């Protein structure tokens with residue numbers, strides 16, 4: 001008996017390039033206006049969730065449309081393609097089985113289906129970053145040393161971080177697992193890297209700085225394992241809002257420089273800072289926000305956990321002739337409570353917080369709540385639906401002796417999303433709280 005031929009209506013399997021684009025830049029197929037609309041709706045849902053959570057705490061937070069405060073349209077990025085000034089490339093097996101492929105991951109470690117795909121077609125990464133990644137792959141492909149895919153299985157060549165600026169500077173940072181190599185063997189590898197990027201095929205990258213870090217951990221700070229300068233200048237420089245900023249290998253700097261200018265100008269307006277205002281810049285990085293607003297206020301106080309970033313911030317202030325800033329190195333949860341507990345300055349105090357995705361430590365929120373001088377707070381979040389949501393609730397909840405939240409609660413009054421990450425689902429949300 002003859003079986004009827006089956007007609008397949010299934011779509012062709014996406015290419016590896018499409019899979020990577022879908023993973024890293026999931027909105028890449030949409031027009032930019034459509035992307036902004038998608039992001040607006042996602043931020044709207046976040047504010048609806050915040051309103052509901054505040055209602056559960058007994059706070060009347062339902063405003064028009066079920067939001068906790070008015071939501072303004074998403075502010076577009078001035079640059080849509082190739083806007084990233086920092087990219088991190090991994091080394092792993094590619095779709096063709098090459099264990100020294102330099103690119104970005106598709107798949108997950110949990111499902112053990114990770115494949116490293118070259119990022120040549122990814123729209124948010126600039127061509128300079130792709131060029132350096134290609135050269136790094138060429139270098140390690142000729143190296144007798146293996147790539148380090150799993151620490152316990154040995155291998156050495158690991159991540160590549162590329163940082164660029166609008167001044168034309170390029171920094172490359174190569175992470176290397178030393179395993180059992182001695183100092184002489186390590187020195188040989190560093191010399192070969194330097195030769196490749198200065199005299200060999202990698203010279204086409206015209207690196208301003210080439211750094212090398214020996215690391216036995218997934219992530220490693222300068223304090224844990226120093227960045228070793230193999231070639232060029234120790235820093236790269238960026239210009240933003242008429243100021244010049246020095247950037248160290250691990251210092252935080254907004255990934256979209258043109259978008260950061262738009263963001264910081266808006267923050268300056270939202271602060272409503274008078275000439276006698278003191279600006280508290282928490283998680284200040286290299287000092288970009290505080291320094292760009294220093295001309296509006298009487299004093300800027302910056303705090304950041306990365307010691308090198310604070311060194312950069314102090315250098316940036318001095319280089320730009322800004323004398324009304326002071327910067328403190330250390331965990332915000334250690335520095336801030338001490339700083340604010342003895343606050344007796346009569347000048348108005350405005351706080352700007354720009355934490356990582358992990359949000360603020362509860363001790364930082366407590367210090368802000370319990371400092372009566374802070375009447376206005378700007379919270380900048382790249383993941384407001386995550387740990388930042390906990391911060392929002394702690395800022396707005398009624399006084400709670402158990403959590404040592406004694407101060408008057410804040411209330412959200414306006415939310416403005418900024419598209420710092422075109423082609424992705426992410427947004428930078430600025431929430432203004434007052435009390």
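If you go along the chain as it appears here, the first residue is 1 and each next one adds 1.
Quick reminder: no glycine exception, Cβ is built from N, Cα and C everywhere.
From a predicted model like this one, the values you see are computed outputs, not experimental measurements.
Under the heading active site, nucleophile, TrEMBL lists 382. In sequence order, 356, 357, 420, 426, 427, 428, 429 are the residues near residue 382 (active site, nucleophile), counting only same-chain partners six or more apart with C-beta under 8 A.
Sequence annotations record features per position, and here TrEMBL assigns S-adenosyl-L-methionine binding site to 254, 304, 354. Just so you know, the Cβ of residue 254 (S-adenosyl-L-methionine binding site) picks up 25 other Cβ atoms within 10 Å once every protein chain is counted.
Break the domain 'Methyltransferase' (276-339) down by DSSP state and the numbers are 30 helix, 16 strand, 18 coil. The domain 'Methyltransferase' annotation in TrEMBL covers 276-339.
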In sequence order, which same-chain residues at least six apart have a C-beta under 8 angstroms from residue 304 (S-adenosyl-L-methionine binding site)?
252, 283, 284, 285, 310, 313, 327, 328, 329, 332
Applying a 10 Å Cβ distance cut-off over all chains shown, what neighbour count does residue 354 (S-adenosyl-L-methionine binding site) have?
24
Per-residue pLDDT averaged over the domain 'Methyltransferase' (276-339), given as an integer:
91
May I have the list of same-chain residues other than 254, 304, 354 whose Cβ is within 8 Å of the Cβ centroid of the recorded S-adenosyl-L-methionine site, in sequence order?
252, 253, 283, 284, 285, 286, 288, 289, 380
